[in-house]
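What follows is a set of notes on a single structure, which appears directly below.
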């Protein structure tokens, strides 16, 4: 295999030299000059002419919709919504994260790993994504499964590239300078959103230009919004709390009287036996003994004999087991009943962003340099991102089209002292850091072969390093850590709550928050494009060498010496060979079919190999790379002048099937590989959460449709996606509440490590609009549809042929993930917008989002699977008890209250001058 790979790479390199000779030989056979009239196609229409599963969205910075909604309007693309992450996390065909989706900004892979602190009842969650301000995004291109160039490096399902605004986006026509102003505000907790960008450009004598652009953006995002129907998200579940409180008071011997006051429940014997007229021949002797019984007799004397109201009886209100004390007791324990999905105050976001670019361009070369910053404060946590990038292109002839790119990205998350993660308090300031460096160089050649065959080749090399580190090892965020500052009193030592243990019994170090380590990718890639008339063949191939070095905790227990838990490192390397081939034909404007086959790989991440709930229990560097084989069949339609002279129709229909081997997911089960350590055996620590390769092949199939029609006066956009999959879940997709869990549940805490990523069964968007008064006035209506989707439950599903047996003397080995349940299809959501352009490039836009004020749930929102959607109920009725005796006296319940925004009015202004 190694010899074959080496031979392929050498052969691909020689094609460049051979092609030059062929081209020179054909030069003298040129018969005459051929005049070619190129079609001028706008960026948003180009995907309808390209033989690939690609979609584009332009002018994102002008949008009043969120960046999540923009991405979700693309068929086959979605986002993992997380109100606390501060990043844009793109999902392609149910795959998400570093290596599954190559998310880029201006062609630079984004590696930031965001981990949020706890929000209300929910534990923090983690996800990869791009830390970018949507106000700076000119457009986004999404490629699904097929690839070319550097975008195919470590990209299992595809890539998404966010393009930022440049000099020529800001300056109109040949003017020397330009300014863009954007402002947005609205109702329903829509906070301020402002951006300004200024650019200057000077034309040079050689026909080139030099320019500079600077932009500033500030945004605030509040989650304290009202859902459909007008109720605030944070207040959801008050009805459940009220019922549980009533049940709590009933158990304590109180009921509500007609005036809404708590009063003694005279049907309870401890009250009825102390009435002034109690029946002395009844079974009351036990209930009339002691000081508490005496107090009850005094209370009932005032209530029944003297006719006082309950609120005026001091002993009833302030007694040891009176109403005030019962109320305080409920308040201390009400967390177990709360189902509010988030605590809005902990997710208030305030961001400030800067963009500075320098550009030079002429007929033969282009040079660009940029600095981009983002500072985002989410609750008490801060995110800081700094991105530096240089691009250079030199194009002298058909043999020399050289591109060079270098980038340096730094991302930091600052956790304050006193913050909570998984219910555990951060003891001191904690800073996690991500540093990525990328260098990419490639050269393209264009040849004219015999038989009027055009050949274009690109040969490139990419070097990419990515490192995760922390300013200190957070020992307090460990499963068995024993420290007075984390002691929860009796709660710690009972069967409920946090584990703790001495060093002589249990390891004190875990790696659950931001595992540290370094990745290196070295990739050689080669693209070829053959064209003859209406037929085209594209083939892209790359070879990647991947090396890693990660940090984990050791455990040394030597007789006669103190137990040592050193920080150790483990390294390794893996290889992958990826290729993508597309055959297409331009049979007519109405029918341009294409067929694509691609084989792609994804390397295991540091977070998967070195996450460990305790000591080195979860470390698994033997993970195999994921491998996907995808077949796509589709066609394009691009027709100008269909019904009128200038109308344009674009259609793209794609069907696909994917087969993924060695799918990586986290599993709860047996963890040791070289024999069970003594500390684990003596404490019964047989199971933990670790990452594994899924044994069955993951299969996906689906259809994606995109239609665009524009005739000036009328326009329509349609997108629709359908998918079937047997994609497995993770064990960490849903976890018990970190601050209200039993010790058994704490062992199964997933720390927000993963979330369900399967796409809804189907989803789509339809937009219809019309333009009037020389296209100055635009009216539009958009309808969003989400079909049946999934969320993880707290219940276990056993895999690899294993099963769990209760009450056995010796537990068998088993492996578990989380079951899912369906989220029913959501109501159709309508958004109405009106925009007016009184003068050129001044656009005033008014929008009503969720026009009909529907109550709906956004699929793939982290809050859907949050622990706060599960609570303990004591309200089981007699039917439940009759069916299952274990349900008597209370049981776990689940709800889905993580609703999206209700009706919201938006007003925005965009001015370019």
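Cβ coordinates are placed from backbone N, Cα and C, and glycine is handled just like the others.
Features as listed in Swiss-Prot:
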- 1-27: signal peptide (SIGNAL)
- 42-165: domain 'TBDR plug' (DOMAIN)
- 176-913: domain 'TBDR beta-barrel' (DOMAIN)
- 896-913: motif 'TonB C-terminal box' (MOTIF)
Tertiary contacts of the motif 'TonB C-terminal box' (896-913) (same chain, 6+ residues out, Cβ under 8 Å): 62, 64, 170, 172, 178-190, 193, 225-230, 233, 236-237, 339-342, 791, 823, 841-858, 861, 863-864, 866, 869
The motif 'TonB C-terminal box' (896-913), counted residue by residue under DSSP: helix, strand, coil: 0 helix, 10 strand, 8 coil
PLDDT averaged over the residues of the domain 'TBDR beta-barrel' (176-913): 89
For the domain 'TBDR plug' (42-165), residues assigned helix / strand / coil by DSSP: 20 helix, 46 strand, 58 coil
